[in-house]
Structures are given as structure tokens and as C-alpha cells.
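Peer 1: Below are the C-alpha cells for one structure; questions will follow.
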């Protein structure tokens, strides 16, 4: 590490000082609701033996990711809003970026795995139990977590071996790749190329798997004889696709692009969509619309 900077200043929301207390209350409520929803689902899935199935195993992992993702960024943002303490240490910034990229990358892969699981369940229901075993689920989950870890390790090492010698003001409410690259005194072209290539391959591969799975699912739904079954399945798939498109769209928009197009104000809005809004919506879309999960939640409560 050649940096002469020992700390950074998160100035992402400093220009909204006149409404910072209102923002604090708003983001605190969203964060608490997100935590409550995802923790309740995790407890329901882990304690109800009727939910010890592949689909709910993946939902449990998704809820865990949706707990971790906002927890990495929101508490520091709330501290900055209420106490106006915007300073974060160099090590703290590096760890924040590492864990954020790890969780986001892992969730991108998990959405693809969950789409494949639904594809097998809906398009090949008779082969589901033999194809998607709990052993395979454990391997897929371990693989996605490991890929997310090594992807984050690569990105973090590329960013934090840069030379930061001028400003230490990060134009974001957390440490992220685009604003960190913007602070570098060294040329970042080669590092950006690696980041764009790795993020592009990872994100596009997961998106293609997800998209193809849902295309086959929708085609199978359209061939169903019962209009009620078609409507129910189509409604659920559209809800899933909404969250998937929101998450993929915002993350790809953030990370798969050159730093020359970086816009602090636009990035703040986009990052809130996948970092705060998506973890709030996932429990509703993926779990609370499911009868078995709702019954388990009632028993837990």
C-alpha cells in the first residue's frame, strides 16, 4: 500500500444537511423493517422442518445476504446523518468495500441458482427431487459464497493498492469502487479493464442463466390448462423478475462501466436501489407471497 492517506471522509449525503434528520428516520425505519423481515424468515425456515427443502434453503441464504448487505453500509450512513461523523479509517473503508462486493457478487450468483431451481421445479417437476438434492444445494451455495469471496478479494486488492495522495473525500455514503478510483493519483485504466472484465463476465453469465430459466418457466406457464394456475404462476414470476431486473440492472450500471462516466448524484440513487430497497423487497417478493412460508411465520410469531 503506497497511500499517504490514513482515513477517508464520506460526503455522500453531506449536501442534504437541511433534511438529514428526516433521512435518518427514513433510513432507520427501512433498515429495521428489512432486518425484522429477513431475520423472521430465517428463523421460520431454520425451525420449521416442513421448510427444509431446496427452495427454502436458497431463500434462507438470500435472507442472510439481505441482512448483511445493508448492515455493511447503513449503520455508518446513519451515524454520519445523526452525529455528522463522516470519517472512516483506511482499514475500515477497505473492509467495507470488501464485504460489500463479496455480498453483492454472491447475491448475483444466488439469484441465478434460485432461477435454475425454479426452472427445474416448474418445467421438470417429476425430476425435481432427483435433480435438485440437498447435497447439490449445499455445493451450489458453497460455490457461490466462495466465488463471491474471491471476486471481492480481486476487486479490493486492485482498488486499495492504488496511490491516494490528493483528496480523501469519497462522493458516496460508503466506500465503493467508482468513487475510490476517482481519488487515485495513478492511471487506473489497466485496473478498470480487469474490474470491468471480471464483473462483466460474472454478472452477464448469471443474468443469462436467470433470463433463460425464466423464459422457459414462462413458456411452461403459458402451456398450463388451468387459467387460475397460469395467473398465479405468472404473477409470482413477474414479481421475481421485477426484483431480479432491479438488482441486476443497478449493480451492472454501477460496476460494469468506465470511471470516466462516474456521476456522484446518480450513483447515490442507484446504490440505494440495490443496497437498501432490494433487501427490503426480497422478503415480500420471494417469501411472504408463499403460503408455506406464511404458515411457518404465523407459527413462529
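Backbone N, Cα and C atoms are what each Cβ position is placed from, and that goes for glycine too.
Curation does not apply to TrEMBL; its annotations are automatic.
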Peer 1: Looking at the candidate ranges 158-182, 233-257, report the one that TrEMBL labels transmembrane segment.
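Peer 2: TrEMBL lists transmembrane segment for residues 233-257.
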Peer 1: Spell out yes or no: are there three or more C-beta pairs under 8 angstroms between the transmembrane segment (56-74) and the transmembrane segment (193-221), with each pair 6 or more apart in sequence?
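Peer 2: They are not in contact.
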Peer 1: Excluding the flanking five residues on each side, which residues at least 6 beyond the ends of the transmembrane segment (136-154) place their CB within less than 8 Å of a CB in that stretch?
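Peer 2: Distant contacts of the transmembrane segment (136-154): 54, 57-58, 61, 98-99, 101-107, 109-110, 113, 194, 198-199, 202.
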Peer 1: Using a Cβ cut-off under 8 Å, which residues of the same chain at least 6 positions beyond either end of the transmembrane segment (22-44) come close to it?
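Peer 2: That would be 13, 16, 51, 59-60, 63-64, 66-67, 70-71, 74-75, 77-78, 81-82, 276-277, 279-280, 282-284, 287-288, 293, 296-297, 299-301.
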